[in-house]
Amino acid sequence: MISLDLNFNILTRDLSHYLENQVKVGLFGSGVGLSLVLGFSAAYTCYYLISVAKKPQLISGGKKFYQFLKEQCPVVSETYYPTFWCWESRIQTLLRPFVTAKPGVVYRNELIKAADGGQISVDWFDNDDSLFYPDPTTRPTVLLLPGLTGTSRESYILHMVQQSRDLGYRCVVFNNRGVSGETLLTPRTYCAANTEDLETVIDHIQKTYEVAPMMAAGVSMGGMMLANYLGRKGRKTCLKGVIVFSAGWDVFECTASLEKPLDRFLFNSYLTSCLQASVHRHRPVLEKCYDIDHVMKAKTIRQFDERFTSIMFGYPTNDDYYRDASPVHKLKSVQVPMLCLNAADDVFSPSHAIPVEAVKQNPNLALLITCHGGHIGFLEGLWPRQSTYMDRVFKQFAKAVIEEGGRLKDLS
């Protein structure tokens, strides 16, 4: 109750200061006008504190992992206060790329040869100035996987690199084929179900720094790919822990949600055009195997996958691809500690499709669900430019896995 009163007073003070400095004096010339503004502000603040700002729900399949998170990651027990003027799901999702800062990061690019003759672009942040781990051979490595059409330049990736830099770790960003400016050498791109390129990159990092501990973080489709990778590999991986943000657990439910009129207008059409733009850039190599004109007429992600992705990776139907790409079916096989952050209001990953029951059956899994946050949003603070709730969860979990990971060796 003390915390609630304190936050109420802080928000009231900030609102009063804003009104005094931003609202024209003419409005306050009338006592009625002033009363209306103050009344609305008080009502909105009360609603925000009672209905919007809430503690996240932490679910785990085992007491050991649950207790570890409670002790090492205090953020999982704290009330999440979404930015009070943009807490709605779609607004959080749309605004994050514009309001959050993009920290300056200088990468070292490397092109890794794939078994099929293609190449995979990875961006290294070596962090050679690390004070905590000056020896590069033992410096911890964090592998980062962006979303559907994302690259190492996405704001959420740059923020995780910044958080890792502060901890003294190096980062490696896995860019899906064809999205980060490299030449596509073979008629193959990527999908959420196929983890061959990811396995190639993980093996390459491990061989480069054999004794350095490694963990991974995936965002949206990157998180889906990571979860699918862990489901297939079981214990046969060098990753010490994994964290995924805003993953779509059931692709059928995700695409159905994004095909609702408003979400199709705001998100689906735009993402489809981004996918088509990538195909167009590599048209000379792709048109030898696929009907690119037909692909370019797709209006939704589902149509794009039907005409391109599912065909490329040899699935009999698009439903077969979506079933294989859905991580929910592989969670029972995950044998590495994995924390999953989802917002209950994420239209990309609807709340009814969040795999609560599956997580409860596996002691290696934990699920953190916030009431608000949208898709890769999680904005907080009066002006959410420097850090988000997602950033804080990442930093605390990464530090816990790298520095206290010995406690997670046997969670069963």
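A Cβ is built for glycine as well, from the same backbone N, Cα and C atoms used for every other residue.
TrEMBL: automatically predicted annotations, no manual curation.
Here's what TrEMBL has on this protein:
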type	residues	note
DOMAIN	140-381	domain 'AB hydrolase-1'
ACT_SITE	Ser220	active site, charge relay system
ACT_SITE	Asp346	active site, charge relay system
ACT_SITE	His375	active site, charge relay system
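Per-residue pLDDT, averaged over the domain 'AB hydrolase-1' (140-381), rounds to 97. One residue stands out among the active-site residues Asp346, His375 for having the most other Cβ atoms within 10 Å of its Cβ: Asp346.
Put simply, Ser220 (active site, charge relay system) is 11 Å from Asp346 (active site, charge relay system) when counted between their Cα atoms.
Residues within less than 8 Å, Cβ to Cβ, of Ser220 (active site, charge relay system) and separated from it by at least 6 positions along the same chain comprise Pro146, Gly147, Leu148, Gly150, Phe245, Ser246, Ala247, Gly248, Phe348, His375, Ile376.
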